[in-house]
Every structure is written in C-alpha cells, then in structure tokens.
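The structure under discussion appears below in the form of structure tokens.
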Amino acid sequence: MLSFCQKGCKSGLLAGILWGLLFLFFTSPLIWEAETYEEKGSHHHIQETLHSRNHAVGQFDLKENLKLQLIPTVVGCVLLGGAFGMISSLFLGVGFSFGFLSRNFFQSPIRSAFLTALVGFLIFHGIPSIGNPPELPGGNGSEESFASRQLWWIQSVACSFTGVLIYLIISSGKSARIVKVFGFLIGLSVAFLPFLNLINTEALNSPVPIELRSRFIYYSLTINFIFWLSLSMQVFLRLAKDKTIDAYRIRDREMLIQ
C-alpha cells in the first residue's frame, strides 16, 4: 500500500505543477477581470470616489498579477495535487487488495487511467459543479452564501464517492450484468442525493457578463479534468513500469502458502 501512496504522491506533485500553471494563465486573468466589474459596481454607490478612481476600473496589470500570484498558485496546486494523488492511489490500492478492482483493470494503463481520471473529476468537480458551478467574484450574495456552498460541495463529494464505492462493491467479481446495472443505478442515486437540497447561488444579478462567467466555468472544468488525466496517467504508468501489481500478486501467493 505504501508503494501505491508514494507513486500517487509523486504523480500528484508533478500534475499539480501543470494544474497551477494552467489556472494561473487561463482562469486567474478571468478572476482579475471579474474583480474590475465588482469594483465598478461598488463605485455606483460612492459618487465622490467615482471620478477619482475611474481610471483603474476595468483595468488590471496582467504581468504584475502573474508575478505576484505565480508562487502562491503553483505551490497551492502542487500541495493539493499531492493530496489528490495520495487519495486516488490509496483508493486504487484498497480496491485492488479487497478485490473491487481486478488485475485486468491495471493491464491497460491508458484506458484505466482515463477511467480513473473521469471518476476523480466527476467526484470532486463534475457532479458538484452541476449544482454549484465555479463562480467568479462579483455575484450578489456570493460572499453570504459561501459557507453554505462549501458545505453543499462537501456533501456532494461525499455522496459521489459513496456512490462509486457502492457500485464497485455490488458489481465486483463475476456479477451478472443486471446486478451491475442495479449497482450503477443505486450509486447514481446516492451521488445525486445532495441535489434534493440544492442551494441558490444567487448569481443572476451579477455585474460580471455571462460570457465571462461561462468561459470561467468552461476553463475551470477543462483544467481540472486535464489535471486528473495527467495524475492518473502518471500513476498507472509508474505502476506498469515497476510491476507493482505483479509484486502484490507474488506476495499474496507467498502469504497463502505460508
């Protein structure tokens, strides 16, 4: 299990560098642009400061912001990437040890990496974003509802993870197709339980243009999926290179003989 975690952590740290750079150059400029709209909206309520600061509204120093945010953004994504790498590799190791994931699952690194990336993306980003999409600064009520949105995101991630576990447990082994379909439907139902108590993001009156908000959502989700794909590819290629799965099989056989 330690071997799985080490490979996952290394893969997550490297994938986190790519993750941070993509966020810095693609989504951060959208955030800075949205902040200018937020600032512009606040000036409508302060007439005396409107004329003194209107030259700064709608403008930001891109190069200066990139310099200031480079290290914090990349370091944060690297640390988070390492954590995600350990979680995903631990999940793979436990799944293989308990028989939820067969050896055949690890024989095709590319296919399995894509499936693992898709599952990780859906659990932490895809499904939660359906009810709580990535949001730019400037949305009315966004600060007030931040705690409730964070709580809902945690509930969505927990239910999505539980749904995946339920599906793997029910459909593991040589289960009939009808059993696998039944497990999939139960897992899907559990994953979408938080949507029964969906929160209101209250972003309809946001001063930020809808085109900018839509682009931010698209960029965020795309970058998150690229991160998970990079992470999963590295994990499975490392497992295949070191023949970790074969080593586990040999060790298990020796334990059974003893």
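For all residues, glycine too, the Cβ spot is worked out from N, Cα and C.
As annotated by TrEMBL, transmembrane segment applies to 12-32 (among others).
Annotation comment: TrEMBL describes 70-101 (among others) as transmembrane segment. Here the transmembrane segment (70-101) has long-range neighbours at 1, 4-5, 7-17, 19-21, 23-24, 28, 116, 120, 124, 168-169, 172-173, 227-228, 231-232, 235, 245, 248, meaning same-chain residues at least 6 beyond its ends whose C-beta is under 8 angstroms from one of its own.
The feature transmembrane segment is assigned by TrEMBL to 113-131 (among others).
The transmembrane segment feature in TrEMBL is assigned to 151-170 (among others).
Annotated transmembrane segment per TrEMBL: 177-196 (among others), in sequence order. The list of residues near the transmembrane segment (177-196) in space but at least 6 beyond its ends in sequence, with Cβ under 8 angstroms from a Cβ of it, reads 127, 130-131, 152, 155-156, 159-160, 162-171.
Sequence annotations record features per position, and here TrEMBL assigns transmembrane segment to 216-240 (among others).
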Cβ contacts under 8 Å made by the transmembrane segment (151-170) with residues that lie 6+ beyond its boundaries: 95, 100-101, 119, 122-124, 127-128, 131-132, 179-180, 182-184, 186-194, 197-199
